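**Student:** Starting off with a structure, shown below.
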Number of protein chains: 2
Amino acid sequence: MGKKEKTSFQLKTPKGTKDWEGTDMVIRDRIFSTITEVFKRHGAVTIDTPVFELKEILAGKYGEDSKLIYDLADQGGELCSLRYDLTVPFARWLAMNSSIKHIKRYHIAKVYRRDQPAMTKGRMREFYQCDFDIAGEHDPMLPDAEILRITSEIFESLGWQGKYTIKINHRKILDGIFEVCGVPTEKLRTISSAVDKLDKSPWEEVRREMTEEKGLDPTVADKIGTYVNFKGGRDLLSRLSSDGTLSANPSAKKGLGDMMLLFDYLDAFGVLDKISLDMSLARGLDYYTGVIYEVVTEGSAPASTGNTEGQKLQRTTKKEKSASADVDEDRSADPTVGVGSVAAGGRYDELVGMFSGKGQIPCVGISFGVDRIFSITKARMEKENTKAVRSNEVDVFVMAFGGKGFTGLLKERMEVAKQLWDAGIKTEFSWKVKPKLPQQFKAAEAGGVPFAVILGEDELAEGKVKLKQMGLSEDNPEKEGVMVSRDELVAEVRKRLKNLTDGLDEAAQMVAELKVQEKEDVPGEAPAIPTVS
Amino acid sequence: MGKKEKTSFQLKTPKGTKDWEGTDMVIRDRIFSTITEVFKRHGAVTIDTPVFELKEILAGKYGEDSKLIYDLADQGGELCSLRYDLTVPFARWLAMNSSIKHIKRYHIAKVYRRDQPAMTKGRMREFYQCDFDIAGEHDPMLPDAEILRITSEIFESLGWQGKYTIKINHRKILDGIFEVCGVPTEKLRTISSAVDKLDKSPWEEVRREMTEEKGLDPTVADKIGTYVNFKGGRDLLSRLSSDGTLSANPSAKKGLGDMMLLFDYLDAFGVLDKISLDMSLARGLDYYTGVIYEVVTEGSAPASTGNTEGQKLQRTTKKEKSASADVDEDRSADPTVGVGSVAAGGRYDELVGMFSGKGQIPCVGISFGVDRIFSITKARMEKENTKAVRSNEVDVFVMAFGGKGFTGLLKERMEVAKQLWDAGIKTEFSWKVKPKLPQQFKAAEAGGVPFAVILGEDELAEGKVKLKQMGLSEDNPEKEGVMVSRDELVAEVRKRLKNLTDGLDEAAQMVAELKVQEKEDVPGEAPAIPTVS
């Protein structure tokens, strides 16, 4: 930075990127720490991979979306690309570290896609992903159940009680359905992809794709249609299991067995009431091999659809759909997160082998759409007039006052600040030699600082300062503050800070602040939220 | 990721980058959270800028080091480069947000340099920077003093008591010295750059550069030599102030006045004993306009120099230097951090104007060399055999045992885990239907989990479980664990966890774990640590 000449720059961030600042940054950090706390509660560790990978590591992993990969310029040496997601770097890491046979890892980091940005819709070229995965051989469905428990804990911790549903399905059940309906083996995946579109397209359209584009026999398509609209809980599972044709199919039988076991485990974990078994859930990515899931919430569906009957919505015509909210525009930039979903994932037992060329490590994971969770949280806070989020965390503002000949008591303010910092108390004071008292109060109020320590010459001479809680009502006996001795200041501040939080620990406080309006819980059987947009 | 074919990749991270994992990741996270806690204690906020900037924003900022900037490939649209540091993005942000007149911001993030990596020496192409800056008009030296207080708090919090020294100087004092010694105005900056090399080169060599390369009159160089070897505290400041020639120089006078004020403030903040006024400190970057500083520590100097007299070391010949530790190789990849320093910064009042083209925003800041702090911390922990760092934070392992016909008590283990998770207690259990008891104990021990909750059928029938602290000595009455009722389990676990931490809060615990061997404090006057390598 040797030059001092002024240069005229285009002052902006690159297209599709933004600076995070102010209360947005605070809300985002709280969401991250809430999520991280849950991961740690389950013994997870984190790893941090480079923001770019060798180009060949990413090549051939994302199908036609590969065109969205950012490459680094060829400045000599290796060819590299910015990471497109966190899954491929994790699989690369597992393959490189073959001594690691088991891990629960989370990773919250930015990923990069050269997509057409739609900033107002939250589709960015640089955005955060938050992934949690369990790798390793374990007894069936135990890691899968724990991931769903973790998912539930995260949304409960974010204060979304009763406002989310975890849709689940199983690739092997789906494959079994396709087989008993008569889908030829070579068409299994492409028909599965068509079904996956049921979350944004009506059945008629999906049926047309199956029959006209993919050449499926219309009677086969109609049979599929009777299955994929099923939604429910244990009752649906029993109904499917007692379907003689279906349970005679080995793939479906395996999937149904897994699902029975999973439901038992989810019951023991107390999360069964958040679950909706949904036969229309297929998930786009090819690599899933077992249970798959997607979390939907009110806010994650387009705002214009007031209809609570998912089934009905699913039947809207294409024209109706286009006339409603810009569904496609509203789609998260993250293809691993479906339309209207805030988290998604599943079991992928064969991905790591793509890298290692050696043994497979079975994996199951979930990706949280943190940018979308952020937008929903922020919108709810605004709608519900949640108490303004503070951009810093200062607890005490040290100020001084005095009459004629007021010196500013700067050194004294510094010494009191030092005393509080030494005790770990978050403290500020005015960086003015002779600040006016109203200015100091204004600064404390602007920052939402809960306590003022006010210094006056006479009081200091007696070894005392005034401790005042900001914003007390007129009739509060401590409205004007209380005199405390310098020796007892730290203890008095601590006591009052503790009272202020009313015995809530920091986590609970965070939740309370982020908490959204309570709502009656919805049984898994008939979700009151539109599961399809 | 549509393909399932196995492909043979070169399984590595790009040159100069690495994966962070295991206990390294835990130590690094602790360092970051210790630092962040101090920043927040002083009311700082954080902002997050994109990892790449428009190429033109970075152009012309880094002199000949510009060749080290990573560019993104031209894939159509804007030309972008990966950020090279966090200062230029911050200045760009300030210039873009001209309504912001004051901010204390910190930013901990990765930066990118296409330098020749020296992995074993810690010089990476992707590495972390941790910057703290105060922007805005304030009364003189108050933000500067608070930054040095923050710096001191950070190293104290990291457990480096008595192991670090903050070297400070002032650009205006240096300029005054150069002027009174007779350096022509047009040579001020280049002579300052030469002085800056005193931290890695002996005076003879710097003198040669001044006279032979830069054409300075040898008598002028010798006069400079008498000044730049001064080191000390208030006494040195008084000596310089009473130097009639020097204090008659307007620049020096201004600088000495600032420094007097700063010393008063540092005294009030209780950090004066960490400070060493050092006339040889010049800092490489041109943009500093006031006070400058650098933090050095024992570990940041090459291990082979047992000599504690900095002065003497400074006089070693080039040959001796080359024969000792690879000084240049050991230099941090971050040029803002000098040889052997762990943090560095200063006041830069004219940088933001380079972007805004409008008004200036005066700034003062510091950058912490977190990768170096990490390496030193880790080396000390290894040397001192610090209790192994746990890679996860699990507090309770729920296990089961039974004789013949043992069912594994899986559902019961899940229910107890649920009970503990619901209470926010970090808990794991074996993902086996019928695990053996020794395997479960082994898993808990391997993870360093402090408590086991052990389920047995008979005990469960009575509504009880066994709670056992791991690793108690043979004579401890609770060695075999205690029986507690299911209803009281959460309370009992919490009580014991609290006892375990012995009243230490998490921050104190962290410090205790990271804490290095205590050592006698060293007065600022004669630092016992080699300030020059």
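Just so it is clear, glycine is given a Cβ too, placed from its N, Cα and C backbone atoms.
What TrEMBL says about a protein is an automatic prediction, not a curated fact.
Note that the structure is a prediction, hence the values are computed from the model and not measured.
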**Student:** Taking TrEMBL at its word that B:Asp85, B:Leu86, B:Thr87, B:Gln129, B:Asp133, B:Arg283, B:Tyr287, B:Tyr288 bind L-histidine, choose the one of B:Arg41, B:Arg113, B:Arg239 listed for that site.
**Tutor:** B:Arg113
**Student:** Count the other Cβ atoms sitting within 10 Å of the Cβ of B:Gln129 (L-histidine binding site), across every protein chain shown.
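**Tutor:** Other Cβ atoms found within 10 Å: 22.
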**Student:** Does DSSP put B:Thr87 (L-histidine binding site) in a helix, in a strand, or in coil?
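**Tutor:** Once the DSSP labels are grouped into three classes, B:Thr87 (L-histidine binding site) ends up as helix.
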**Student:** Return the average pLDDT for the domain 'Aminoacyl-transfer RNA synthetases class-II family profile' (B:16-373) as a whole number.
**Tutor:** 86
**Student:** For the L-histidine binding site, please report the maximum Cα-Cα distance among B:Asp85, B:Leu86, B:Thr87, B:Arg113, B:Gln129, B:Asp133, B:Arg283, B:Tyr287, B:Tyr288 in Å.
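**Tutor:** The two farthest binding residues have Cα atoms 22 Å apart.
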**Student:** Hey, what's the Cβ neighbour count for B:Asp85 (L-histidine binding site) at 10 Å?
**Tutor:** 21
